[in-house]
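Engineer: Among the features that TrEMBL reports, transmembrane segment is placed at 12-31, 71-90, 102-123, 176-195, 207-227, 239-262. Here TrEMBL flags 107-260 as domain 'Phosphatidic acid phosphatase type 2/haloperoxidase'.
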Amino acid sequence: MKKFTVNINNCIKSLIFFSIGTLGLILLTAFSDKLSSLDKGLAIWAKNLNQNGTNVFENGLILFCNKNQKIIIIVPLVLIAVLVLYDLLIARIPFKQHKFEYLYILFQLITYVLLSSVMIQIMKFYFDRPRPRHTIDMHPPGDTDIQCKLPFQKAFTRYYGPNPCDYSLESCPSGHVQGVATACIILLWIAIYNYNFTNKYTSIKKVNAVISIYVILFSGCITAVLIPSVMISRIVASAHYFTDVMGGLLVTILSMFVLPLFEPSFDKQERSDQYHSVNQVNILPLQME
């Protein structure tokens, strides 16, 4: 039976992920003035799209991301559940015999989501940045509550000004981007982990290896499409600035340092002969037919 042990390689992986995320956040704050110009430019561009009635993003996937944000987050989580069911029912890797591997998947999901979510809320509370649609220069056309509008706040700086209409100052960083990116990264991480998992502990390795590779490619495509789509949708909706959505993405990268922790190591010499014999009993009749 496997036991969780301290693995130096996993600690190094964690340190690398943490360093990359921290460096990214530091670099963003160092270029606050230049990034603020980019924020303004994209926010005004989004405002003009809505004002001129030529918003080409008000359809398709971008529109779906804005109107169905919870569904977007659920998609990767459903695929993760499918992967676990595949291991249990199709690959037939029993839970009792490999419980640490299954518990590791659960550990990944809970710890990563909690950590990134807490970090997002702390940053939102600290920066108190007004959303583009709540500012004087970038508010949507037809919004008559001019007396409520707030001044533009530079990227990654705290807003101390008045808030006469009690707007929720939660622009930085983007929680929607963080939620989708976290779910997608977990999906891709577990898909890669699943490849090693099924390849080591099933007797039909070639079939499972091919399936697992396709799952990794599919998960990568989902990640490459969903994350940029949500980032664009939040800017177009005047809900966030560019630096807000980038901040949400970098928080998920920073939180990735927890993923390799306590990862069960795959012992090449450890094989379950009893499990392999059970698999052979189930497979041989199919081959004979």
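The backbone N, Cα and C atoms fix where each Cβ goes, and this holds for glycine too.
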Engineer: Taking residues 6+ outside the transmembrane segment (12-31), which of them lie with a CB under 8 Å of any CB in it?
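Structural biologist: Here the qualifying positions are 155-156, 243, 246-247, 250-251, 253-261.
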Engineer: If we skip the immediate neighbours and take only residues 6+ beyond the ends of the transmembrane segment (102-123), which ones have a Cβ under 8 Å from one of its Cβ atoms?
Structural biologist: 80, 84, 87, 95, 172-173, 175, 178-179, 182, 185-186, 189-190, 193, 247-248, 251-252, 254-256, 258-259, 262-264
Engineer: Let me spell it out: take the transmembrane segment (239-262), skip the flanking residues so only those 6+ beyond its ends count, and list any with a Cβ under 8 Å from a Cβ in it.
Structural biologist: 4, 9-11, 13-18, 20-22, 24-25, 28, 35-36, 38-39, 42-43, 104, 107-108, 111-112, 115-116, 119-120, 123, 129, 131-133, 155-156, 171-178, 181-182, 185-186, 189, 227, 230-231
Engineer: Take the transmembrane segment (71-90) and find every residue of the same chain, 6 or more past its ends, with a Cβ under 8 Å from one of its Cβ atoms.
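Structural biologist: Sequence-distant neighbours of the transmembrane segment (71-90): 64-65, 102, 105, 109, 179-180, 183-184, 186-187, 190-191, 194, 197-198, 211, 215, 219, 222-223, 226, 230.
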Engineer: Mind looking up the mean pLDDT for the domain 'Phosphatidic acid phosphatase type 2/haloperoxidase' (107-260) in the predicted model?
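Structural biologist: Per the prediction, mean pLDDT sits at 86 for the domain 'Phosphatidic acid phosphatase type 2/haloperoxidase' (107-260).
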